[in-house]
Structures are given as structure tokens and as C-alpha cells.
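Among the features that Swiss-Prot reports, domain 'Acylphosphatase-like' is placed at 4-91, with the record citing sequence analysis. The active site annotation in Swiss-Prot covers R19, N37.
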Amino acid sequence: MKIRAIVTIKGLVQGVAFRHHTVQQAQRLGVSGWVKNLAGGDVQGCFEGEEEAVDALVAWCHHGPSRARVDRVILEREHYRGEFDDFDVRY
């Protein structure tokens, strides 16, 4: 089953290549969507794909790349919309 997830990652998640590594993980898992920095220092992403793949990407977000310190991940599950063909960084 395909799903959509909106995640907000809090902690030391900007300036540590979090977005770059999220793109790599999403491409490896076959997940589409986007990731972006938020003004307050958080990172937000929208992930779409097979439930198992999206869940794996969300699980990865709980620790992120080695230089990140993730304090909290806020997850909102939504119905799959099929909006994206690939995964990219939004600005």
C-alpha cells in the first residue's frame, strides 16, 4: 500500500548535510517527495511511496547523518496523492 508522510525533524539538523543525506536515502528506498530547511532550524519532509519504504525513511530520520543530533521527529500520515516523480530539496 502506498502512503504519504509529512515529517518535521527537530534538533541539530541544519548545517549537517541532513537534506543531502535524506535525498540519498529516499532515492535508495524508492521514495518520492521533498525535504527542506525551515526558518526555525528544523527540517521538514514530505515522503510518498510504498509503506515499508516510507517507514524506513522515517526511521532513518530519527538519527539522520552522523553529524546530526535529532531530538524529536513529528510524523503526520496522510493518504497517498502521487504528486511526485522524484525526490528533491526545496528551498
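Even glycines carry a Cβ here, placed using N, Cα and C.
Assigned with DSSP, the residues of the domain 'Acylphosphatase-like' (4-91) fall into helix, strand and coil as follows: 23 helix, 37 strand, 28 coil. You'll find the Cα of N37 (active site) roughly 8 Å from the Cα of R19 (active site).
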